[in-house]
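A.B. asks: Grabbed the feature section from TrEMBL, which reads as follows:
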- 23-519: domain 'K+ potassium transporter integral membrane' (DOMAIN)
- 532-777: domain 'K+ potassium transporter C-terminal' (DOMAIN)
- 20-41: transmembrane segment (TRANSMEM)
- 61-81: transmembrane segment (TRANSMEM)
- 152-180: transmembrane segment (TRANSMEM)
- 192-210: transmembrane segment (TRANSMEM)
- 222-242: transmembrane segment (TRANSMEM)
- 268-287: transmembrane segment (TRANSMEM)
- 299-319: transmembrane segment (TRANSMEM)
- 344-369: transmembrane segment (TRANSMEM)
- 390-414: transmembrane segment (TRANSMEM)
- 420-444: transmembrane segment (TRANSMEM)
- 451-474: transmembrane segment (TRANSMEM)
- 480-500: transmembrane segment (TRANSMEM)
Amino acid sequence: MDLETGFYQNRLKKESWRTVLTLAYQSLGVVYGDLSTSPLYVYTSTFAEDIEHSDTNEEVYGVLSFIFWTLTLIPLLKYVFIVLKADDNGEGGTFALYSLLCRHARVNSLPSSQLADEELSTYKKDINTPAQTTFGAKIKSTLERHRVLQRFLLLLSLSGASMVIGDGILTPAISVFSAISGAELSLGNEHHLYIEVPVACVILIALFALQHYGTHRIGFLFAPVVVTWLLCISGIGLYNIIHWNPSVYRALSPFYVYKFLKKTRKGGWMSLGGILLCITGSEAMFADLGHFSQLSIKIAFTSMVYPSLILAYMGQAAYLSRHHVMDNDYQIGFYVSVPEKLRWPVLVIAVLAAVVASQAAITGTFSIVKQCCALGCFPRVKIVHTSSKIHGQVYIPEINWTLMILCLAVTIGFRDTKRLGNAAGLAVITVMLVTTCLMSLVIVLCWHQSILLAICFVILFGTIEALYFSASLIKFFEGAWVPIAISFIFMIVMCIWHYGSLKKYEFDVQNKVSIDWLLSVGPSLGIVRVRGIGLIYTELVSGIPAIFPHFVTNFPAFHQVLVFICVKSVPIPHVRHEERFLVGHVGPREHHLYRCIVRYGYRDAHKDDLQFENDLVWSIAEFIRTGKTGLNGNTAEDLSKDLEDMTVLGTPSTHISGVQLYEDNEVNSESVGTSKLREMHTTHITKPKKRVRFFIPETPKIDRNAREELRELMEASEAGIAYILGHSYVRAKQGSSLLKKVVINFGYDFLTRSSSPPAYALTVPHASTIEVGMVYHV
């Protein structure tokens, strides 16, 4: 499953039904772990305090009716039949919806966007400009004109992302704690906390400690565990229905919802926070879409997950309808409806299923943090790709240990499923509300449907979710404050980082050096040129960064070949290998200055090894070979413009007829004989005896100037590569407001010092690195 290509979904359409069913089976373990374990704590949280279990069974039947219609309307109707269709080139989640809106309405917050990005094949997929007379065109125009609305849309997406992080903290806690709560029936209510809390903490610590191995190493158990768990709860539910109350199916009528609310009134409304937990994990169907397909996720939910959950909840309701005397609080929970002989085996299966549910929430948090980093909305963190095939599987050490500490804190602090349920419910429903808001815009701007359809979508699902949200929010002091506090902290971090990064980029743009300055220096630049290739990393996509004249002023010499590199993210999930590099000249050809823009999608794996260096030099050689000369040959008036003609290039594997790349362990270079190929060698600093040969075919298309330029590039590559990195200190300029000074001088400065260096700086040889320090007054 190679997600790097970005065409997994297209290839899947050609696959057989056997492949689709295999993916449906695999999705049970990855997507539905959280949703399938919800029967462990729904009834316990619902009947905690707000309502009582009376002899009339109106409360039990009303709760069952609420659960049935909530599962039918939200996961089944909203997600399976509507939201799953809003994929972004096969990817799903909050940022997939935001990415679609960025491309259709030009509300992208990334400042380094280019017109060339819109020519990407996956960027322009299904983009049709709405007619100027439609309401969608008016909304599009309004969003593009008002910066405030664009920022609000970004904040809305970030709020959903921060709540996903909060869910990654709360889901492991409530899943594991609820799974081992079955020990109450055997240990007694007065001693169970002395056992449950330590056991839950041990399981959570072990779970987070194993994350660095990657999901693919332990994931082979996920699907069998969830399938076993679903068969277990559906079988127990069917037994309870037949044995205790075969007529419980009548409670599926929505009339019992009315009777429930009429009798319980405010208590029934407040108990909705517990009923809400029956749909925890529904968002994973959309968020994990990139690993599977729409059809496989639909088949898994409709054929296995949905009927199993309905039977499980009906079975619990059937048991409770015949047992009205509850001596202890835990007797309203899941395990009391399990036959006594099966409780310990079911407890073991439940713990395993809870671990699977926790794993899905943790990996989902890693994925959302990675996307936030790619969009410049989260401090840089170390991202480790745990699978060479599935690039969506990542491990982030800093986030992992932060989640573990917070997860242990809420487990030890709350010590019961009631307050954990209140906290988890608010986090879940907030993410769903964000999805509903973004989907309404997608319906109008991306699908070009009627505004009435979007309004109906918001009214139907937004009203239900707003009702659950209000019921969860009223429990603010009973645990619901936790996700709000967590999301608020992460939102502050995201906003400070995004604001600081934006101001830093604006400083670069305002202080960049034009090509006029470069041309005024003269053909030789009046500076000593030393052998080798110099790579200058910058965030600018055009012009010469201020770090370059600052470097030349303090060190009046640089390499015979200079490359300005910009590693940027574009608002699409994947960039094809054929469209990875944009290469062009900076100034006339004889200066041997180049610009290379490396484009990644927000789900792409960045190359942070020496292979990137080889691909980079290859792209320049291929650019020269194809005869693209950028500004060279134009008039002086054109040369004075701060523009560059860029050429789209891929990687060595995508140009079989062009420059070829070979590895060689020999030291001496020899001619290739009669093959009439020219060699270009690059010697690695760490392994002097190993080099990469670039074979450039002798073709009539290469003119004399291009051959000379290639020869210069070959000589420079043989001398080695040096890395020139900027080390900037951002400070608020004089006259700034107090809030700006606090945000920039303290907040952004602290995050910059605490964050990891860019990915390219992690593997750069220290012996070949030159750091240039500058102070940015923004």
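Using N, Cα and C of the backbone, Cβ positions are placed for all residues, glycine too.
Note that the coordinates shown come from a computational prediction; the quantities given were computed from them, not determined experimentally.
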A.B. asks: Under an 8 Å Cβ to Cβ limit, what residues of the same chain, 6 or more beyond the ends of the transmembrane segment (268-287), are close to it?
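C.D. replies: Same-chain residues near the transmembrane segment (268-287) but 6 or more away: 31-36, 38-39, 41-48, 50-51, 62-63, 66-67, 70-71, 74-75, 79-80, 83-84, 92-94, 96, 164, 167, 171, 260-261, 297, 301, 309, 313, 357, 360-361, 364, 367-368, 421-422, 424-426, 428-429, 431-432, 435, 467-468, 470-472, 474-475, 480.
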A.B. asks: Are the transmembrane segment (344-369) and the transmembrane segment (420-444) close enough to be called in contact, which here means at least 3 C-beta pairs under 8 A that are separated by 6 or more residues?
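C.D. replies: As far as Cβ distances go (cut-off 8 Å, pairs 6 or more apart), the transmembrane segment (344-369) and the transmembrane segment (420-444) do not touch.
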A.B. asks: The transmembrane segment (390-414): which same-chain residues, six or more beyond its ends, come within Cβ distance under 8 Å?
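C.D. replies: Residues 1-4, 168-170, 172-173, 176-177, 197, 200-201, 204-205, 208, 211-212, 214-216, 290-291, 362-363, 365-367, 369-370, 381-384, 420, 423, 479, 482, 486, 603-605, 756 contact the transmembrane segment (390-414) from elsewhere in the chain.
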A.B. asks: Can you work out which residues elsewhere in the same chain, 6+ from the ends of the transmembrane segment (480-500), have a Cβ less than 8 Å from its Cβ atoms?
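C.D. replies: Here the qualifying positions are 109, 154-155, 158-159, 161-163, 165-167, 169-170, 273, 372, 376-379, 406, 410, 422-427, 430, 472-474, 730, 743-744, 747-748, 751-752, 778.
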A.B. asks: If you count every Cβ pair below 8 Å, which range out of 61-81, 222-242, 420-444, 451-474 shares the most with the transmembrane segment (152-180)?
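C.D. replies: Highest pair count goes to 420-444.
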A.B. asks: Please report, as numbers and ranges, the same-chain residues at least 6 past the borders of the transmembrane segment (420-444) whose CB is under 8 Å from any CB of it.
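C.D. replies: Here the qualifying positions are 41, 44-45, 48, 74, 78, 82-83, 86, 94, 97-98, 100-101, 135-136, 139, 153, 156-157, 159-160, 163-164, 166-167, 170-171, 173-174, 177, 273-274, 276-277, 279-283, 286, 410-411, 414, 451, 453-455, 457-458, 461-462, 465-466, 468-469, 472-473, 475, 478-484, 487.
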A.B. asks: How does the model score the domain 'K+ potassium transporter C-terminal' (532-777) in terms of mean pLDDT?
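C.D. replies: It averages 72.
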